[in-house]
Amino acid sequence: MTDSSWPTDERPRERLLAHGAQSLSDAELLAIFLRTGTTGMPVMALARHLIDEFSGLRGLMTASRRQFLQVKGLGTAKYAQVQAAMEMARRVMDEPLRQGDPLRSPADTRRFLTSRLGTYPHEVFAGLFLDNRHRVIQYRELFRGTIDGAAVYPREVVRQALEDNAAAVIFAHNHPSGVAEPSQADISLTRRLKEALGLVDIRVLDHMVIGHGEVISLAERGLM
């Protein structure tokens, strides 16, 4: 069932066109994306059900294929649509930090790292490797772990930085819990990495911790 049987001013698509996408709820945006419901469940009811089932849009958009297909009425076609939408959003966020471009602002860096790391259900430690003019050489996800943490090996980080001929690096990792507050272990690791890279004249500019809707800079906190 579609939304065509609703009063015109209550249909999500018409409300979007009249008032803008920002005026719609998460469920209404999802209903437009889904287009149709399932047998016995109109599209808005399905959208609300999915928001509840996955605890919000973030949970839905980052669900694994197995989790997604466990929900009645969702198939591989819808899963492919979700993945395509996620990748398009990620590429838009990536545009300010393409290879060879200089870092324009801390805000661009935050947005880029959030788009890359903010949706993982497990911890990922990454590096943004830069040349001596702070132009992007490469973004690399260096270590992956569990929901509780990822093991990081300074020797491997130094090797990768030298291989990329980097002059500076910005580190980042996500907290799957959603709380971006850096731990004492995060601070200690940053200082160890800074010391190890300093031996080969590579500067550590920052280490950012990515939560849900929040990014904390250890450099801004004076914790480097």
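For all residues, glycine too, the Cβ spot is worked out from N, Cα and C.
Quick look at what Swiss-Prot annotates:
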DOMAIN    102-224  domain 'MPN'
MOTIF     173-186  motif 'JAMM motif'
BINDING   His173, His175, Asp186  Zn(2+) binding site
Helix, strand and coil counts within the domain 'MPN' (102-224) (DSSP): 37 helix, 38 strand, 48 coil
Summarise the model's confidence over the motif 'JAMM motif' (173-186) as a mean pLDDT value. 92
Once His173, His175, Asp186 are set aside, which residues in the chain still have Cβ within 8 Å of the Cβ centroid of the Zn(2+) site? Glu123, Phe125, Asn174, Ala180, Pro182, Ser183, Val209, Ile210
